[in-house]
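Report on one structure; see the data block that follows.
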Amino acid sequence: MRIRMKVALALGVVVLCIGIGVGVMHFVEELDWLDSFYLSVMSVTTVGYGDRAFKSMPGRIFASIWLLVSTLAVARAFLYLAEARVDKRHRKMAKWVLGQDMTVAEFLAADIDNNGFVSKSEYVIYKLKELGKVSEKDISQICNKFDRLDSGNCGKITLADLMENHH
């Protein structure tokens, strides 16, 4: 699910929790609408100044469940808001990295096998490393696995290599 949708859904759940709280406080605790709204927002956001409390038994039973659920909903909303901010920063960085022209220093760094040219796969690996999507350790592990599968040491995995490794 896209992060914006997650944020919207989480905030919707928080608003729903506040709305349910307002209704219960108005009808069960017999508070006026403004006080019900105030107490709901203070409770759901865990500010809770302590100036009001649930007095009836049904209100207290409701509050014990409602406060737990609504506090978790607020926590999830904050989590998704933070995730959205990080996601936006990553997208901005990726746009910047992918928009840069290749310099001579980057060319030399991307030319993994030092053959004087950068292949498409070398370029992809270089950009993935630059974006922080893969590390040198990840690439080494993948290369080691490739070398184990390439039993003929020809730089390619053939069907014969694969069949030989599975027996």
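Here the Cβ of each residue, glycine as well, is placed from N, Cα and C on the backbone.
Please treat TrEMBL annotations as automatic predictions, because they have not gone through curation.
Among the features that TrEMBL reports, transmembrane segment is placed at 7-28 (among others).
Here TrEMBL flags 14-83 as domain 'Potassium channel'.
Sequence-remote contacts of a segment are chain residues at least 6 beyond its ends whose Cβ falls under 8 Å from one of its Cβ atoms, and for the transmembrane segment (61-82) they are 3, 6-7, 10-11, 13-14, 17-18, 20-21, 24, 28, 43-46, 54. Summarising the annotation, TrEMBL assigns transmembrane segment to 61-82 (among others).
Helix, strand and coil counts from DSSP across the domain 'Potassium channel' (14-83) read 53 helix, 0 strand, 17 coil. Looking at the domain 'Potassium channel' (14-83) alone, the prediction's average pLDDT is 92.
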